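S.K.: I'd like to ask some things about the structure below.
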Amino acid sequence: MCLDYCCKLDHNRRQRSRQVEYDPTFQGPLKNRSCTDVICLFLFIVFIACWIGVGLFVFTNGNKDILLLPVDSNNSRCGYDPHVAEKKKLFFFDITKCLSPAVPFTGCPTNQICVEECPKDTFLWNKNSELNYMKLKCVQGIQPKNNEEGDDFVNKGLCARYHLKSNDLLNRCIPDVTDDFSQITNQIKDLTKDNVETSVKNIELLQNMEQVGHDIIKDIVESWREILGGIGIAIVACLIYMLMLRWIAGPVVWISIVATIAGLAACVYFTVTYYIYYKDHPKEEANANTIFQQYVRKKGFWLTLLIISSVALLIDVLMVIFLRKRIFIAIAIIGEASKAVSSTLMSFVFPIFPWIFQMAIIAFTLVVALYITTISSPQYEVKNFDKSNCNGDYEDGDSCDMNSFKKVRINNCKATCEFVGMGLSSLRTPLHVFNGFAFFWSIFFISAFGQMVQAGIFATWYWTRDKSDVPFWSVTKSVARTLRYHIGTLAFGSLILAICRMIRVALEYIDHKLKKYDNPFTKAILCCMKCFFWCLERFLKFLNKNAYIMCAIHGKNFCTSAKDAFSLIIRNILRFHVLDKVTDFVLFMSKLIITAGVAAIVWSFVTYVSERQLKYILVPVIFVAIVTYLVTSFFFNVYSMAVDTLFLCFLEDNERNDGSAHRPYYMSKNLRAILGKKNKTS
């Protein structure tokens, strides 16, 4: 093969410039090692302690019961905060601002205020109409005293220029589209019946999200037996698949690849069929009764799926055609990895614990994020306080309580306790940023811990000449070794990834904020920066993973391990890159075929066997498909780590030893045969 030919051609050069010296005492992962990257360990501990403190702070100052209350533009919670306790409805200043399709997800970008009642009639501001100012709806604390003042407030955006007859929908004032408001449509830009209907529809979708979520949860609860059955089938399928890889890796992998291509071809066929149907029947979209149906009955939805499935099918076919020889090598390496995994079956059980920790971190992060949004409280200040006419020891600008402040007003006291804003609301952004960064750092840390432990397990298997002598407690030893010596290294590597991810999130936020300016130069700069940091994160993940493998073997700090791993890979870049990517492709195809198979079984059962009446019949199918993919990723990530560790060990073995009687290779006979290596008997 071309790959082996290139390696043989380069053999003499690498022999002359061998980077790893032969060490007769080296027998795999070192037992005597020292703690690495201790400073990063202390930094990580302090950071986690601060994160827990933030959680306690928001749990103490937040209130989960107000999450669904309508909130005005000043973050006042309608019907809850004291200054708006009697104003339970939310009123939108300019309904035409709610035309964007993103409104159900981002909210309506117009002034919103709390009001006691929704408008009962249609109104348009006219400064020449007597007492017209009394009908204006203005922001909190603004109340015009005459038409001139009202006109000034309207022009400044402090009062709504118009309002339409509205109905109450979940305490939101939604215009009544059946009312005739044609008398004001010519005087307000974009105020047409179609636009109002679109805006109302978007606001209703915003409110219906809660109902959709309720229906989805209800369907999941109703179909829990089918879901548990599907998950059970997924686990059994993964176990059977891995046993088959142990003995007949070649046929299993090729069947998976062919089945995946056939499945993608079927997807192309069905998406074409539905695209043509909804293209020829555009009225179907108008008859949709749910949000799900509104999206599914759009021809653009099926066109998008068609493009995705077609591109995926083309890529798969081309990869199989041009990399078929490399696939044979990848299959052989997967077979060797199966032996390493089967020799330590606890390596399948161990990833459960990092996964549980990651789920706990995700749950904690979401709860903290929800509580952060509720930590604001109304703040009031004293205005126009006169000690000669008022009781109490107050000064203008002092904080006050509306209930207790009533006692200071006597005689001609004109002092007021006015709402000035929401306290603690300024902490939301920094707390959300801190919470997000803590989430990324901890998630990457747990992932790194799992990678290093597995690297220690498989490296022990590789560097044991007689595979029957592999320690039974290799998983426990690897966990203990990582916890005792290398937590700091894991914190260092995960910190680098977390910083890179936060930069990417910041770029996405900046891009979102700058979209309204439509500047091509800015778009180009942001696009280049996002692409650069995406590539950088991919590279850092690759480098970190191999650094953890080298650290698990030699016990060196992060920077030294990363340098050694990168140098080793660069010296064997062609062999490593091709086989690594082909192996990833083969494992990915295996994940897809198992996921698609289990999803098809659940869909057939729910559709033709089960008698349950579900709102969305695809909910249990999609749920099972997601869980199945996570389960397959859970199992196959063990294989992926085994392949990466064994191949890196092979590269070092190839440079450390030469196959002579004094310096024999550690690799198995099958691996030596695959890669063209031999151990001399004398």
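Cβ atoms are placed via backbone N, Cα and C, with glycine included.
According to TrEMBL, the feature transmembrane segment maps to 38-59, 227-245, 252-277, 301-321, 328-349, 355-373, 438-463, 483-500, 585-609, 616-636.
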S.K.: For the transmembrane segment (355-373), find every same-chain residue at least 6 residues outside the stretch whose CB is under 8 Å from a CB in it, and list them.
M.R.: 54-55, 58-59, 62, 64, 67, 428, 431-432, 435-436, 438-439, 442-443, 446-447, 634
S.K.: Same-chain Cβ contacts of the transmembrane segment (38-59) under 8 Å, 6 or more residues past its ends?
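M.R.: Sequence-remote neighbours of the transmembrane segment (38-59) are 364, 367-368, 371-372, 375, 431, 434-435, 438, 441-442, 445, 487-489, 491-492, 495, 558.
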S.K.: Let me spell it out: take the transmembrane segment (328-349), skip the flanking residues so only those 6+ beyond its ends count, and list any with a Cβ under 8 Å from a Cβ in it.
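M.R.: Those are 1, 3, 242, 245-246, 249-250, 253, 454, 457-458, 461-462, 467, 470, 474-475, 579, 582-583, 585-587, 635, 638-639, 642-643, 646-647, 668, 670-671, 674, in sequence order.
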S.K.: So which residues does the transmembrane segment (616-636) touch in its own chain, when a touch means Cβ under 8 Å and the partner is 6 or more beyond its ends?
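M.R.: Cβ under 8 Å, 6 or more out: 215-216, 219-220, 223, 226-227, 230-231, 234-235, 238, 242, 290, 292, 348, 351-352, 355, 587, 590-591, 594-596, 598-599, 602-603, 606-607.
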S.K.: Would you mind listing the long-range same-chain contacts of the transmembrane segment (438-463), meaning Cβ under 8 Å and 6+ residues beyond its ends?
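M.R.: Answer is 26-29, 44, 47-48, 51, 54, 337, 340-341, 343-344, 347, 350-351, 354, 357-358, 361-362, 365, 470-471, 474-475, 477-479, 481-482, 486-487, 489-491, 493-495, 497-498, 501-502, 544-545, 548-549, 551-553, 638, 641-642, 645-646, 649-650, 653, 666-667.
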